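**Q** One structure follows; several queries about it will come next.
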Amino acid sequence: MAGGKAGKDSGKAKAKAVSRSQRAGLQFPVGRIHRHLKTRTTSHGRVGATAAVYSAAILEYLTAEVSFPSVHQRPRLHCMKPVQSANRSLNCYKQVLELAGNASKDLKVKRITPRHLQLAIRGDEELDSLIKATIAGGGVIPHIHKSLIGKKGQQKTA
């Protein structure tokens, strides 16, 4: 065949795959959002490619805006301090999300799990007293009673 390539590998190295999230510069999964949009639509799964990118960008922006408010806003109030009742739950949500994000960063993972939420809530004294709910999949907080911890040089006699 004239003009065709000589073989499958004609001297060029195969380029590494780049995800749509990386192309768009987003952290949220564009491919997964596109798949979910296709399953939820009534027009036989026809969804434009840019719709998923736009939706992922909106979700990422809203998550970042709730987690880290802009610099020009008032300083974040602790959720136990008296504020307007409408803003109280939003401030608590921001604080829990920020603490859980810090816990996930400490463990070097990008996804916040119920365990991170549990560690964040139980680690803060005021949030612990405010949120008494059991978090499914959160595990337990490690605690060893002081009397069970022996001194370094001391050995138990049985």
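A Cβ is built for glycine as well, from the same backbone N, Cα and C atoms used for every other residue.
Below are the features listed in TrEMBL for this protein:
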REGION    1-22  region 'Disordered'
COMPBIAS  1-12  compositional bias 'Basic and acidic residues'
DOMAIN    10-66  domain 'Core Histone H2A/H2B/H3'
DOMAIN    125-157  domain 'Histone H2A C-terminal'
**Q** Could you put numbers on the helix, strand and coil content of the domain 'Core Histone H2A/H2B/H3' (10-66), residue by residue per DSSP?
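**A** The composition, in the requested order, is 34 helix, 0 strand, 23 coil.
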**Q** I'd like to know the mean pLDDT over the domain 'Core Histone H2A/H2B/H3' (10-66).
**A** 87
**Q** May I have the DSSP-based helix, strand and coil counts for the residues of the domain 'Histone H2A C-terminal' (125-157)?
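**A** Tallied per class, the domain 'Histone H2A C-terminal' (125-157) gives 9 helix, 0 strand, 24 coil.
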